[in-house]
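Annotated features in TrEMBL:
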DOMAIN    148-482  domain 'RCC1-like'
REPEAT    164-215  repeat 'RCC1'
REPEAT    216-269  repeat 'RCC1'
REPEAT    270-322  repeat 'RCC1'
REPEAT    326-379  repeat 'RCC1'
REPEAT    380-431  repeat 'RCC1'
REPEAT    432-498  repeat 'RCC1'
REPEAT    499-534  repeat 'RCC1'
Amino acid sequence: MDATTSGTPTVQYHNIPDQPITAIVAAPVSAFLRQVHHCFGDSTPGEFPLAANPSIVLHVLTTCNLDPQDLAKLEATCSFFRQPANFAPDYELSISELAALDMCQRRAIFKPMTDEERQSLKHRCGGSWKLVLRFLLAGEACCRREKSQAIAGPGHSIAVTSSGAVYSFGSNSSGQLGHGNTEEDWRPQQIRSLQGIRIIQAAAGAGRTMLISDAGRVYAFGKDSFGEAEYGVQGTKLVTTPQPVESLKDIFVVQAAIGNFFTAVLSREGRVYTFSWGKDSKLGHKTEPNDVEPQPLLGALENIPVVQIAAGYCYLLCLACQPSGMSVYSVGCGLGGKLGHGSRTDEKYPRLIEQFQLLNLQPMVVAAGAWHAAVVGRDGRVCTWGWGRYGCLGHGNEECESVPKVVEALRDVKAVHVATGDYTTFVVSDDGDVYSFGCGESASLGHNTAGEGQGNRHANVLSPELVMSLKQVNERVVQISLTNSIYWNAHTFALTESGKLYAFGAGDKGQLGIELANNQTERGNPERVDIDLN
């Protein structure tokens, strides 16, 4: 499903030792007695010489007993040999390293890098092109980079098409729709001033929006601040059309995340920078609340590449990619145990959440709700932690959890995507089914068994329940986005594989992109938004 793949399957290198080409070239060439190995119908690998030198051998697995996923991996691994790679001779790289480099060069954020920047990234990832490839693919998978996406912001919404066009609708009191005015829009309107600029990522906060282009430039509009003061609202100037963030012009940005007191951005090299909330060094630096200069996130992640960031109300999660595997770091306010360290202590610098190692779980996607967090593992398990109010953790109660805990009610579901909001959680399975739990206010959970009547659509849900209203659209859901703010009633988007967008929940400001009937403020059932994101 395209919420978890990048179009190119993950490459696995199975116990085949790398041999530098220098060792092969230096070996004396001797007569080679060709032996024919047939693998058809055989369970053992076949060996096929790639040259007269018997040191160069292509190991081919039989495809007879492979499932479709493993077969796709095999095809991806062999793609390097299907066409000219146009590489200059490099006697230091093994064949598998050359194949990984070839696949790296096809990634959008890798292509414009200079040789020096590529070598720096290689060193940062652990000194291997295979590790660089894993880093790039992991970022594409968890962030929908280069794919269509919908963002359910606080009172307003952003939709990005697969071609990079941007539509916005909903509340616009601060100019956060980017149309050059402060008037609400109940229907999706394209941001015309961005024509000619391809947008690949979007983030929405209270009264502000940030967009990331394929060239790594950041455009912001709405409130002119990157965070709110702890007491009172920051930002007096309104920006009603997208403007480049000059302080980020020297950083190639691939993702942005907006919390309440701060904003964070992620560079293509996997470095994290934060704006605002430097009072008392809450994010490892001491700056004024309205500071517009990015500050590097110091500490444990200075030399570890990050593939995804997620911002809650007052904390930040970072999904890191290391040679030993994927891991999650957290920083910020620890109230309710939402940092995942078994305590309620604040952290000024990123700290590794160790519980995933104890659970033997490889994190692949991370989501930060206002007060709670969630992770999807490679094996499809879902973990949640933090404030458990209204049942948003899915453990059948409203207890807080200070370390990640597996959602046992989803043990028979292989999850691929998770989204969190203000005491609300959604999980998408590998077959496109959607489960939700937590606060049912504004009908944003999608459980509406009584049609348009009240029924139980406002009821809180303590354990995951299948969202039958989305099952009825008869399409695989690939992304869920829901409002992550304590100040606005929540609304929810469901994006399908074919690019159709469905909306439900609060719509009093037009944030659903749907005209509501008189005196109607919400939609209980998913309704198609008039926009095609593909």
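Note: Cβ is positioned from N, Cα and C throughout, glycine not excepted.
Tertiary neighbourhood of the repeat 'RCC1' (499-534): same-chain residues 148-150, 152-153, 155-157, 159-162, 167, 169-171, 184-188, 442-444, 446, 448, 451-452, 455, 457, 469-470, 473, 475, 482-483, 488-493, selected by CB-CB distance under 8 Å and a gap of 6+ residues from either end.
Summarised by DSSP class, the composition of the repeat 'RCC1' (270-322) is 3 helix, 20 strand, 30 coil. Each residue in the repeat 'RCC1' (380-431) gets a DSSP state, and the totals come to 6 helix, 23 strand, 23 coil.
Just going by CB pairs under 8 A, the stretch in 164-215, 216-269, 432-498 that sits most against the repeat 'RCC1' (326-379) is 432-498.
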